[in-house]
Protein chains: 2
Amino acid sequence: MAKSKDNKKGTSDQRVSKAVVSRLSLYLRELSRLERAGIETTSSTKLGEMLGFSDAQVRKDLANFGQFGYPGVGYRCSELISTIRQIMGTDQKWPVALVGVGNLGRALLGYRGFSNQGFNTVAAFDLDPKIVGTEIEGIPVFSLDNVDKIVKEKSIQLAILAVPATAAQEVAERLVEAGIRGFLNFAAVTLRLPEDVTVIGVDLAIEMEQLSFAMTSRIP
Amino acid sequence: MAKSKDNKKGTSDQRVSKAVVSRLSLYLRELSRLERAGIETTSSTKLGEMLGFSDAQVRKDLANFGQFGYPGVGYRCSELISTIRQIMGTDQKWPVALVGVGNLGRALLGYRGFSNQGFNTVAAFDLDPKIVGTEIEGIPVFSLDNVDKIVKEKSIQLAILAVPATAAQEVAERLVEAGIRGFLNFAAVTLRLPEDVTVIGVDLAIEMEQLSFAMTSRIP
């Protein structure tokens, strides 16, 4: 199921990859923590234990992408970090557009977690003439009317969509026309876009559910 | 590993539960989608396929919490939905405090996804006298100085922490004193809090990595 057919780095089944890639993100964060702590090697067992996965799960996830680890040594943290970054495409810098500079948009412009992982917000777009032409958190705000030009100039492929739900579909279509190929969608609607455009929806309630579960399971 | 010892509903190992609970959230969303589409039953195979997990994974996750499903029928969607909600503690309403009414805080006050899952933001807290005493998105903003009183009055146990990273630790300690037992932490710092307090950190870059992976694996 979770295997790509003949392409070591990818799979065309997005639903399969989503679970695996989520775990890769978690492995990456644990490995980075280990590396910062000066620990040079780890194993599928240790990595799994830190995250609540079996060692078999860790090995199976990584086996989708090649052969890693050394007998008697395990994984070299720094090597596995750069391999995972390569697999996930975060070994390169991604210029990103933020679209919709409302409260959420402003908050996301100030969010540092993105740039740490190679996602550089290089342009913001809105329709409000009061903010078009200004800079917010050092990022220039452009009119959505100029999106074609700016997206091309700055070679932007990814957009963070933070517009109201009612506007999301229309704005997303406009962005696809301008050349955007992938969306992180914060609007609470399912976008209908061409098949070759990737949309990742953000559902913050999932995180809240982690919290209520932990609270519930603590109450005797 | 992912089993609790003698408590059907919970586990004391937060790291083990996190992966399982994330999947429960995803099962819940797929089941709700099926139910809305008028589909009454499903199976571990179908549920797994929709999400890219094996049927064994689905059965194993659910087996942590009891015995579900019927031979020759599979799972009844509505029944499994209410069971999962029970397991996750979202069969009840959780009054929630939002702390830090900056851009992110305001955006979160307007976020509808929380209340859909039973998380009701009933109070916001800030220090800015310009907004204390006002209502934002229908939610009253209180001074952080009154947190003890309000948290008790409204029986709040959960807080969404949206304060600047530099203030997060101090504010979180203050909230724990007031009676908060669980945090959804948007501040980019690791909070050091008593062991019986649950903290879930939100890392939006993980979602961006899904996007870059999908984009990378599409490029031949």
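The backbone N, Cα and C atoms fix where each Cβ goes, and this holds for glycine too.
Annotated features in TrEMBL:
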- A:26-65: DNA-binding region (DNA_BIND)
- A:GLY100, A:VAL101, A:GLY102, A:ASN103, A:LEU104, A:GLY105: NAD(+) binding site (BINDING)
- A:89-190: domain 'CoA-binding' (DOMAIN)
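Structure with TrEMBL features highlighted.
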residue: A:GLY100; record: NAD(+) binding site; CB count, 10 Å: 26
residue: A:VAL101; record: NAD(+) binding site; CB count, 10 Å: 24
residue: A:GLY102; record: NAD(+) binding site; CB count, 10 Å: 16
residue: A:ASN103; record: NAD(+) binding site; CB count, 10 Å: 22
residue: A:LEU104; record: NAD(+) binding site; CB count, 10 Å: 24
residue: A:GLY105; record: NAD(+) binding site; CB count, 10 Å: 25
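Candidate binding-site residues A:GLY100, A:VAL101, A:LEU104 yield A:LEU104 as lying near chain B, with Cβ-Cβ distance under 8 angstroms.
Mapped onto three states, the DSSP output places A:VAL101 (NAD(+) binding site) in coil. Summarising model confidence by region, the DNA-binding region (A:26-65) averages a pLDDT of 89. According to DSSP, the secondary structure content of the domain 'CoA-binding' (A:89-190) in residues is 35 helix, 29 strand, 38 coil. Residue counts for the DNA-binding region (A:26-65) under DSSP, helix first, then strand, then coil, are 28 helix, 2 strand, 10 coil.
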